[in-house]
Ligand code: KG4
Ligand code: ZN
C-alpha cells in the first residue's frame, strides 16, 4: 500500500510517498523561506501562489524518485488543517483532484497529528502510551497519547507558541525570519548566567504555557544593555535556556500526572539541540525514554503527512468530492483508529 502525502499548510511545499512494506520511498521539500524573508514573516497570499507553482512539479519529482507511476499510488493524503486557509486549499484541491482522477481514496490529514506521528518514521518508534510535547510555530501543547487518535490535551500555550517566541525574539536580535534556528546557533556563543529570564507559569500548578512575556523581557534586556555581538549571544542563550527549562518542567509534571514513561517531542522546535539534550537528560534521570524525529522531519514536511495518511487510510478517507479545509482544528476532535 502506497500513500502520496501533500503538505502545504504554511511556507513549505512537502511531498512524499510512504509504502507500508518498504517505508519512505520519496521525500521532496521546497521551502519558501527566501520568498517571505523580506517581509519578516509568512505572507499568506504569496505562500498560496507559490504552492500552486510547486506542488505538481514536486509530485512528479517524487514519483520519479520512487520510480513509480500514478497507477502505483493507493491513496492521496493532504494536510486539511490547521494552517493558512489559502495554502491549505491548494494542497487539498490538488490532492482531492488527483485522488479522483486516479480513482483512489483521498485522506484529509491533521497537520499536528502528522507532527505527532513523525517520530514513528524512525528506526526506534515509540510505543503507546506516551506524553507528546508538540512545539511548532503555531502550537505548544502537551498531550496524553494512548493510541492513534486517542489524544487528551493536558496543557497548551495561552498566548505565543514556543516557535513564535523564538522567531519574535530572533527578530529583536536582528536575525532573519524564521529566526528560531538562527537564535539557537547564536546562543551557542552565549555565556550562561549573564542574564536570567523568567520561567513563565512554573511557580503555580498546571500544564499551560505563556511565552509572550519572554519576548518583552528580551526587548527590555536588549534596550538596557550594550549592543555588541557578545551581549546579543548572551541574551539568546538566556532566552533559549528559559524556554527549554520551562518546557522541561512542564514535561516532568505531565509525566508525573499521567504516570507514563515515554516522552515524544515533535514540531519545528523539537529540532532544537538544547531542548533535545535537556529532555534526554530528564528522561534518563526518570528511567524513561525520549523520542524525536530527525531534524528534517521535525519541521514541516510531506513524509509525516504521507505516514499519517497511511495510518488513517481506513478511517478518514473522504467519500464525497468536497474539498474542505479547517484553518482551526483542535487535535482532540480526531477519532481513534
Ligand atoms: O513545525 P514547523 O516547521 O511549522 C509549524 O507548523 O509551525 O515549526 C516552525 C517553527 C518556527 O517557529 C521555527 O523558528 C522553529 O519551528 N524552529 C526552531 C528550530 N528549528 C525550527 N526553533 C528553535 N530551534 C530550532 N533549532
Ligand atoms: Zn508544522
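Residue 1 is the first one shown; counting continues down the chain.
Backbone N, Cα and C define each Cβ position, glycine as well.
Here TrEMBL flags 111, 115, 300 as Fe cation binding site. Spatially close to residue 300 (Fe cation binding site) yet at least six residues away along the chain are 7, 9, 10, 11, 12, 14, 111, 268, judged by Cβ distances under 8 angstroms. Residue 300 (Fe cation binding site) falls within neither a helix nor a strand when secondary structure is assigned with DSSP, and so counts as coil.
There are 26 other CB atoms within 10 A of the CB of residue 180 (substrate binding site), with all protein chains counted. The substrate binding site annotation in TrEMBL covers 134, 135, 136, 137, 138, 167, 180, 272.
If you look up TrEMBL, you'll see 24-307 marked as domain 'Gcp-like'. Across the domain 'Gcp-like' (24-307), mean pLDDT in this model comes to 98.
Proximity of the binding-site residues (134, 167, 180, 300) to ligand 1: a Cβ under 6 Å from the molecule is found for 167, 180, 300. The Cβ of residue 134 (substrate binding site) lies under 8 Å from the Cβ of 112, 115, 116, 140, 141, 142, 143, 266, 267, each of which sits 6+ residues away along the same chain. Among the binding-site residues 135, 138, 180, no residue is identified whose Cβ is positioned under 6 Å from ligand 2.
Apart from 111, 115, 300, the Fe cation site neighbourhood in this chain, defined by C-beta within 8 angstroms of the site C-beta centre, holds 7, 9, 10, 79, 112, 114, 136, 267, 301, 304, 305. With a 10 A radius on its CB, residue 138 (substrate binding site) counts 19 other CB atoms from all the protein chains. When secondary structure is read from DSSP and collapsed to three states, residue 115 (Fe cation binding site) falls in the helix class.
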